[in-house]
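> Sharing the feature lines straight out of TrEMBL:
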DOMAIN    5-210  domain 'CWH43-like N-terminal'
TRANSMEM  7-26  transmembrane segment
TRANSMEM  53-78  transmembrane segment
TRANSMEM  90-112  transmembrane segment
TRANSMEM  124-145  transmembrane segment
TRANSMEM  157-179  transmembrane segment
TRANSMEM  191-208  transmembrane segment
Amino acid sequence: MCSPWVLLPLLYSVFTAAGLWLVYYVPPNVKIIEPSSLPYDSFYTPHIGNTVYFLPVSCVFGGVMNLSAFVGFIIAVLRYGQLKDRMDKPWLNISSLVVFSLACVGMIITGNVPFAVDHRIHTFGSYMTFGLGLLFCWMQTYMTLKVNLMNEGMKVGFIRFLLSASITLCMILYFYLMFQDFHLNTARCQWVLVMLLLIFFSTFAIEFRHDHFYIECRESCEYPSKMSEMLSEVTFKNP
């Protein structure tokens with residue numbers, strides 16, 4: 001039976017993408033942000049950061065980024081637990097979780113410090129999100145091939161390899177176009193990059209359908225012998 005957790009990565013990607021596009025199309029942005037399909041002649045290019053210059057879209061964008069960072073972190077923790085007992089190199093699994101946790105911090109910075117307020121901090125948060133997000137993608141691609149969960153590692157790993165390579169290409173192209181002052185094409189590349197990252201995250205649904213996750217809270221009068229017994233335990237089980 002398919003686990004209901006299969007819906008979490010899918011809903012995460014769909015609603016995050018919908019939230020970002022909502023920010024792009026909410027008035028007054030449609031009047032001041034040049035559509036990506038038209039020649040560049042407006043004051044604001046359609047970069048994601050430029051869509052949040054004004055209220056209420058800046059508040060909506062902050063909410064979208066905060067919620068995306070929180071749910072994304074939960075998915076990363078579940079993925080860590082899924083691979084915890086299957087990896088022969090535990091440090092790689094731990095490093096992957098740490099990397100994406102820092103990427104989530106970058107998302108929070110990007111969402112809560114608008115470009116118009118402090119462009120340096122906003123840009124730093126964006127680079128944290130994209131750079132560490134890309135590193136997370138490559139690490140997960142390698143671990144997918146290494147673990148070969150339910151003998152699907154090669155197929156899923158190949159899909160993630162193509163997505164990771166596409167994200168890498170978009171990031172290289174993004175910086176090239178930015179330094180060449182091709183602002184409109186840079187914005188297009190940024191949107192494609194974000195959508196590819198969300199598609200990559202949605203692929204975790206393939207493996208989540210095999211596992212059930214639940215939180216177990218124990219209450220005991222005995223003094224715990226281990227630190228782990230003092231806390232609520234997140235237990236990962238296969239059906």
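Heads up, the Cβ atoms here are built off N, Cα and C, so glycines get one too.
Quick one: how deep are these features, and who are their neighbours?
Same-chain residues lying 6+ beyond the ends of the transmembrane segment (191-208) with a Cβ under 8 Å from its Cβ atoms: 3, 5-10, 12-14, 16-17, 20, 36, 46, 48, 72, 75, 78-79, 82, 130, 133-134, 137, 140, 144, 149-150, 152, 156, 159-160, 163-164, 166-167, 170-171, 174.
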> Which residues of the same chain, at least 6 past either end of the transmembrane segment (90-112), have a Cβ under 8 Å from a Cβ in it?
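Apart from its flanks, the transmembrane segment (90-112) reaches 49, 61-66, 68-70, 72-73, 76-77, 79-80, 83-84, 121-122, 124-129, 132-133, 135-136, 139-140, 142-143.
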